[in-house]
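Step one of this worksheet: look at the structure below.
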């Protein structure tokens, strides 16, 4: 808990996470870890990351996380200063307590208590670019690991996975995400002379209707149904007497393992083409594929460790938004387990100290069981 409070007292609003990351690096170096400080600058701002490892042989169990946080908002609305790391009545208060400095501190404490594995390796992948664009964070560290032939066999990501109580759920996969911009062009004109104009809005509404009329699917064994949401419809017209020249809709799809990115794009185009209308469609960069860490010894190990400490067997889940697991899954199986997420990103973010202590115990059991199972 003391380390979690210290991390909170190192303000690290994305992308300025250097001080918080250095706290982690120094503790790992003191414990004998080989620490690589990695800075990437694709987006124009230097982003700090670290990869640290103790041991040289496999298997390599990695903890992944981030120390950057979202802004605190209006600090006067907080009952405790957002970067003071205050503990009151058994609760740790501050930005990042839940998401996710508490989990970083818990795994660090568990790993240092475990020491150097007799066989195999322990490692950390910690970024300062998860809450921001995520261009120079975990995705770049994964590329760096691939380039140098560094192998990670399994990974635990410390995102807050529990909706209400520690032990509710752990993430075994994530839905994919695809965004698009749909545009219909017309001819601008005066509303009193519609025959001299061409209103694109009715055609856009027809396309939206065809796009959303039927479910994309009905879900799979591990995922809920894929979901397409239209998030904006824009014509850029603030007046009442002008027919607009074009109309645009933006949409996002969260999709399951029944689709690949390409098959989903094909289905969207098929539905739009069925309307028999002319349109422009631009899929946005940054799309991600769904993934699943299949049930097996690793997921059982994590679930059992949670159950031993909390008394409840966590439900495997694929709900929620995206996380850095979408990058890590390219190099190894990954599961996510952390604190209770009710206050993440909110004013008065906080977590009970007992939850951090229990999470430390869970991570300790995961580490011990991992090397007795896989090493």
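Yeah, the Cβs are placed from backbone N, Cα and C, and that goes for glycine too.
Note that the structure is a prediction, hence the values are computed from the model and not measured.
Within 22, 150, 159, the residue that Swiss-Prot lists together with 66, 99 for binding Zn(2+) 1 is 159.
In the three-state DSSP scheme, residue 66 (Zn(2+) 1 binding site) is classed as strand. Relative to residue 345 (Zn(2+) 2 binding site), the recorded positions with Cα atoms inside 10 Å are 99, the candidates having been 66, 68, 99, 130, 159.
Within 8 Å of the centroid defined by the CB atoms of 66, 99, 159, the record's Zn(2+) 1 site, lie the Cβ atoms of 65, 100, 103, 130, 131, 158, 160, 323, 338, 344, excluding the listed residues themselves. A C-beta separation below 8 Å, combined with a sequence spacing of at least six in one chain, links residue 99 (Zn(2+) 1 binding site) to 69, 70, 159, 160, 341, 344, 345, 349. The Cβ neighbour count for residue 131 (Zn(2+) 2 binding site), using a 10 Å radius over every protein chain in view, is 23. Considering only the binding-site residues 66, 345, the Cβ with the fewest other Cβ atoms within 10 Å is that of 345.
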